[in-house]
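TrEMBL has this to say about the protein:
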ACT_SITE  His61  active site
ACT_SITE  Asn134  active site
BINDING   Tyr344  heme binding site
COMPBIAS  1-29  compositional bias 'Polar residues'
DOMAIN    14-398  domain 'Catalase core'
REGION    1-34  region 'Disordered'
Amino acid sequence: MEGGQSTELGTVHTASNGAPIGDNQNSMTAGPRGPTLLQDFTLIDKLAAFDREEIPERIVHAKGAAAHGVFEVTNDLTKYTKASFLNTIGKKTPVFLRFSTVGGERGSADTERDPRGFAIKFYTEEGNYDMVGNNTPVFFIRDAIKFPEFIHTQKRCPVSGLKDANMAWDFWTKHTESLHQVMVLFSNRGTPDGYRRMNGYSSHAFKWVNEDGEAFYVQYHFKTDQGVKNFTAEEAHKMKSDNPDYATQDLFEHIDKGDFPSWTFKVQIMPEADAEKYKWNVLDITKVWPHEDYPLIEVGKLTLNRNPKNYFAETEQSAFSPSHLVPGIEPTNDKMLQGRLFSYPDTHRHRLGPNYHTIPINCPYRVQTRDYFLAGIHADEHEGTAKIPYQGKFNDAPKECPEHETKKFAVEGEAGRYDQSEHPNSDFEQPAALFNKVMDEFEQESLVQNLAGHIGSCREEIQIAALEAWALVDDKLSERIKAAIK
């Protein structure tokens, strides 16, 4: 048979070099009971491959599920961005979306109280664009220099090997900028009912640039068309016991039977000039932009319509980075984002190799890549590196596109380390509003009970510090938590 080997009984089992295997049941030995021979390539080939079947686990977002789909533009926003995949109503772009929990290992439960990752890869005609967000519009910290220590508090204690609430609250009470996200986490939004029934957010503000060079700050919102639905703590705990892979199974089975989940993509848009005049730092990821000031504008519809064919090849090897941008979309000076621009590609190089971008799921297959990278793990031949590996005066090497250069931006002040807290109470206004104005009584009581259960497992001095921290947000909230602990 052309392209392979077959017998009357079916396809022939081969070794990694394609040669047929005569016996896959017995190792080659010196006599019936003698030692195994090193020349047994079938055995060595199998064991060596088995030894390397696993790659390093993601340091965060290890447990995940994903699907392919399509994004379709439904509104003309070309006055805000020149991004080609957004330039025509009705234009469709293939996407790959990976959902995940954050702190748990690959074998952890889908229903753990945790933020959920919401990472989208748009395969555009100008290269891959990654929107690497979460299911919450804010985050715990606003400076990437704190990120490693923060994540350590969400992982297992290096002494006991156990999750430790003391570490988490010791960190959160010192870094009270985190309380807004902590409030979201310990509400029922911290335990969503599967991946289909939650929203996604960029959390960071990005910069859109139009054809005239005008810049706008944007926040992304992906609103689930299935309706938001969350578990209570009791429901999440029960589902953890009944089916720890609930969200993964729910997503896969609904897509498999043709019930395709979708999200409406909306943005908040702020003229760049507004940022300096606004009442707080609009690039602070611990805060949201009020909708009354910057209302949501529809962009398009994202629909997931195909499951991966191979979990490892696609879901596990997928790599997303906020530095994977396309013309018309640029980073901002958000200090958390600035750190992620480096850290994400760096962890992919560690986990998948220096040429992770050539792995099929990550490959920008709608464009012909032309670069000067040479060799390394997973190096595939492609135009550019295979022909001319440098740019010279006389050769016909790939050239720059000045029209796609990042927009220049002004900087001022002296280089130094700056605390970006606006004023002593700036970190508490929004969580106070979330508790008092957004949450109903059922949501408030769920939050109180969830916080009390977690704080109540801490040492006494950390309990006191946690109650003092919540008093900065709202005295009555702190009192209710204290009463619930007792």
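Including glycine, each Cβ sits where the backbone N, Cα and C put it.
Bear in mind that TrEMBL entries carry predicted annotations, made automatically and left uncurated.
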Here the Cα-Cα span from Tyr344 (heme binding site) to His61 (active site), rounded to a whole number of angstrom, reaches 12
Note: in the chain of Asn134 (active site), residues six or more apart in sequence with C-beta under 8 angstroms of its C-beta are Val102, Pro115, Arg116, Gly117, Phe118, Gly200, Tyr201, Ser203
Listed in sequence order, the residues of the same chain lying six or more positions from His61 (active site) whose CB sits under 8 Å from its CB are Arg98, Ser100, Thr101, Val102, Gly117, Ala119
Confidence over the domain 'Catalase core' (14-398), expressed as mean pLDDT on the 0 to 100 scale, is 93
Mapped onto three states, the DSSP assignment of His61 (active site) reads coil
Cβ neighbour count (10 Å, all chains) around Tyr344 (heme binding site) is 18
